[in-house]
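Student: Quick one: structure below, then a few questions.
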């Protein structure tokens with residue numbers, strides 16, 4: 001179920017909760033028809049037949065790690081760290097029949113480096129309908145939690161929404177976008193769900209997945225990448241250990257981050273802080289080619305170069321990294 005962007009934060013969550021209650025009754029009606037059909041056919045189980053007509057939660061469905069890795073390697077550019085960590089984290093989590101806690105990933109980097117794109121790829125590999133799935137839930141901070149004076153209301157509604165959806169599907173995926181714009185304190189409402197509890201009020205959250213997307217820490221990531229470049233080292237030499245510790249501390253102490261002084265960090269409930277490196281000129285060109293192919297157009301290298309050269313790069317002297325990543329590639333390509 002998706003949140004309607006025309007709704008305010010509180011209203012949107014109230015409608016979502018109401019919709020969840022309505023949806024809970026629908027399988028009863030459908031079940032009568034399916035039950036009759038299964039008696040007639042004699043060889044399809046109730047669940048198998050039902051799942052032919054409606055989306056089913058497949059929490060135990062194994063992850064195709066090879067497909068996930070291929071998707072990331074073919075569609076995500078310049079992010080060797082993100083690709084490696086996400087494949088290993090998801091594969092290990094999904095292969096564990098009895099995880100001790102939900103998987104929690106925090107993706108950091110400047111806009112246009114691929115964080116949203118990765119969350120989409122992950123969702124599609126976990127649930128066939130991806131972001132359109134009833135078991136994948138996207139929250140946008142500025143849209144659904146806009147008012148600082150309503151923090152307590154948002155916390156209560158968020159807890160109810162997560163509890164209801166995990167009750168319906170243990171393998172639910174929750175994506176929180178624009179964490180750097182989230183009012184501090186809101187996200188701490190979900191801390192009990194991320195902790196090492198077997199159950200809370202009869203509900204187990206251990207098979208759920210939480211993904212945070214944030215621009216916070218982008219400056220720290222860029223500094224590390226730039227230090228490697230100036231030292232003549234390849235960006236592919238950057239390892240998670242070079243960034244993860246400084247990133248978690250930097251985000252924790254960043255007053256402009258939704259994770260500022262968050263118990264999620266203090267309690268070590270975020271499993272991986274995943275850095276997205278700033279994109280270079282060559283990566284922008286890769287994005288242009290990929291967009292042209294996605295539109296069914298032949299790749300015109302002259303157009304690829306022209307679009308890439310229209311982008312602006314930093315630092316001022318070296319001009320190595322695109323200041324918008326690949327974020328404006330689609331709109332710029334419309335001119336050609």
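Here the Cβ of each residue, glycine as well, is placed from N, Cα and C on the backbone.
OK, TrEMBL features for this one:
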type    : residues                               : note
SIGNAL  : 1-24                                   : signal peptide
BINDING : 109, 110, 111, 112, 113, 114, 115, 116 : ATP binding site
DOMAIN  : 279-336                                : domain 'Torsin-1A C-terminal'
Student: Between 109, 112, 114, which of the binding-site residues has the fewest other CB atoms within 10 angstroms in the structure shown?
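Tutor: Sparsest of the binding-site residues 109, 112, 114 by Cβ contacts within 10 Å: 112.
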Student: With DSSP helix as H/G/I and strand as E/B, how many residues of the domain 'Torsin-1A C-terminal' (279-336) fall in helix, strand and coil?
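Tutor: Its residues fall into 29 helix, 5 strand, 24 coil.
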Student: Minimum Cβ neighbour count within 10 Å among the binding-site residues 113, 116: which residue?
Tutor: 116
Student: Which chain neighbours of the ATP site, leaving out 109, 110, 111, 112, 113, 114, 115, 116, have a Cβ atom within 8 Å of the mean position of the site's Cβ atoms?
Tutor: 117, 215, 276, 325, 327
Student: Name, in the order they occur in the sequence, the residues of the same chain whose CB lies under 8 A from the CB of residue 115 (ATP binding site) and which sit 6 or more residues away.
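Tutor: Listed in sequence order, they are 107, 108, 109, 213, 214, 276.
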Student: Averaged across the domain 'Torsin-1A C-terminal' (279-336), what pLDDT does the model get? Just tell me the whole number, please.
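Tutor: Here the mean pLDDT over the domain 'Torsin-1A C-terminal' (279-336) amounts to 95.
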Student: Among all the protein chains here, how many other CB atoms are within 10 A of the CB of residue 111 (ATP binding site)?
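Tutor: Around the Cβ of residue 111 (ATP binding site), 15 other Cβ atoms lie within 10 Å.
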